[in-house]
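Take a look at what Swiss-Prot says about it:
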BINDING   Gly8, Arg11, Arg91, Arg137, Arg140  ATP binding site
BINDING   Gly8, Arg11, Arg91, Arg137, Arg140  CTP binding site
BINDING   Asp21, Asp23  Mg(2+) binding site
DOMAIN    228-329  domain 'HD'
Amino acid sequence: MQIYLVGGAVRDQLLQLPVYDRDWVVVGSSPQAMLAAGFQAVGKDFPVFLHPNSKEEHALARTERKTGVGYTGFACHYAPDVSLEDDLLRRDLTINAMAQDNSGQLIDPYGGQRDLAAKVLRHVSPAFVEDPLRVLRVARFAAKLHHLGFTVAEETMQLMAKIVQSGELQHLTAERVWQEWHKSLSTNHPEVFLQVLRDCGALAVVLPEIDRLFGVPQPEKWHPEIDTGIHTLMVAKQAAQLSDSLPVRFAAQVHDLGKGVTPPSEWPSHKLHCHTGLNIIESLCERIRVPNEFRDLALAVCAQHSNIHRADELKPTTKLKVLGLLDVWRKPERLEQVLLCCEADHRGRLGLENEPYPQREIFLRAYQAALGVAVQAVIADGFHGKQIKEELDKRRVSAIEAL
């Protein structure tokens with residue numbers, strides 16, 4: 001029985017990135033031998049075991065053969081005679097197909113080190129096309145490693161386009177699409193995930209709501225970049241620079257989906273996009289099972305971002321109404337999240353990336369002023385029932401007016 005560290009842990013170690021999960025491959029063993037050695041069986045589809053002490057996953061070396069559609073349509077073969085090289089050959093990218101033995105010796109049969117040095121994401125073998133999930137995984141790795149200068153090899157991009165054309169992407173489950181998108185949100189460059197998917201034609205299949213934004217014009221006066229799709233990528237980039245919050249990054253990426261359904265006769269104006277975008281966000285989130293926390297923030301940003309951009313023009317009553325619609329009295333963290341998305345939207349425009357966003361301060365001050373009005377004081381002054389809310393709002397408006 002030989003045990004090797006494999007995959008992402010080896011890659012990230014060589015890139016001097018933090019290693020969070022360590023996966024191991026066991027060569028020359030069997031399920032019976034693993035159980036006898038004290039390992040605990042956990043694999044449903046193929047033999048994976050937890051180490052008795054570290055609880056890290058150890059998988060028996062295996063090969064895979066395509067038997068059906070989608071990323072689950074594989075037959076696994078595992079046996080003591082499956083070599084480490086056989087196991088590494090079935091992996092997606094050369095930089096993920098390296099192993100390390102217990103003495104620290106690197107095993108790299110498919111040129112992973114060469115591609116690490118060249119900063120290239122390249123498929124290991126032509127069998128890459130058999131698993132549609134790899135399209136999303138490569139896009140995510142492109143986002144994860146973009147800050148180091150990594151790009152997708154042209155021939156790998158061609159294979160990704162081939163997977164898209166085969167129709168296999170349609171067999172990905174909603175959960176897997178969300179899982180990869182969600183992971184991409186935690187990278188330094190989430191916009192690269194969307195860009196790579198668009199470059200190979202996958203965005204139109206997995207996230208058509210975002211794909212249809214490309215080619216839709218906006219008024220050049222406000223949007224020098226003109227194209228709504230390009231604006232969305234720029235906003236995604238700005239949101240990642242402004243905030244580590246994944247719901248904020250998600251909401252920023254979907255805030256303008258309503259522009260994708262504006263009739264061309266109305267272009268470049270999008271007067272109703274804050275309204276039309278709501279149903280699109282609802283159905284997108286339902287389709288790929290986006291958690292409520294992400295959905296609710298996205299809906300709030302979609303509905304109110306245009307109002308917040310006009311903060312200096314709004315009457316005190318309107319500012320208070322917007323704060324109420326954002327539910328900030330019950331969810332005080334919501335305002336900061338929405339304002340971050342709006343700032344990303346404001347800066348996600350060509351040549352305006354470093355533009356200040358005074359609207360943020362205007363709304364924060366309005367919120368603090370309104371918050372300073374105590375409901376207890378209203379009750380103490382003898383107001384009852386519905387009168388309490390009316391008087392509270394009146395006093396809050398006065399507090400905002402006094403700024």
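Each position is counted from 1, following the chain as shown.
Here the Cβ of each residue, glycine as well, is placed from N, Cα and C on the backbone.
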Once the chains shown are all counted, how many other Cβ atoms turn up within 10 Å of the Cβ of Gly8 (ATP binding site)?
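The Cβ of Gly8 (ATP binding site) has 17 Cβ neighbours within 10 Å.
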Looking only at the domain 'HD' (228-329), what is the model's average confidence as pLDDT?
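So the average pLDDT across the domain 'HD' (228-329) works out to 98.
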Nearest to Asp23 (Mg(2+) binding site) in three-dimensional space, by Cα, is which of the binding-site residues Gly8, Arg11, Arg91, Arg137, Arg140?
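That would be Gly8, the closest of Gly8, Arg11, Arg91, Arg137, Arg140 to Asp23 (Mg(2+) binding site).
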Just the number: how many Å between the Cα atoms of Arg140 (ATP binding site) and Asp21 (Mg(2+) binding site)?
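Computed Cα spacing between Arg140 (ATP binding site) and Asp21 (Mg(2+) binding site) is 17 Å.
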Could you tell me which of these binding-site residues, Arg91, Arg140, has the greatest number of Cβ atoms within 10 Å of its own Cβ?
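For the binding-site residues Arg91, Arg140, the Cβ with the most other Cβ atoms within 10 Å is Arg140.
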Output, ordered by sequence, the same-chain residues six or more apart from Arg137 (ATP binding site) with a CB under 8 Å from its CB, or 'none'.
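Expected: Asp92, Glu180.
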Relative to the Cβ of Asp21 (Mg(2+) binding site), which residues of the same chain, six or more apart in sequence, are found under 8 Å away?
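Asp21 (Mg(2+) binding site) has long-range Cβ partners Gly8, Ala9.
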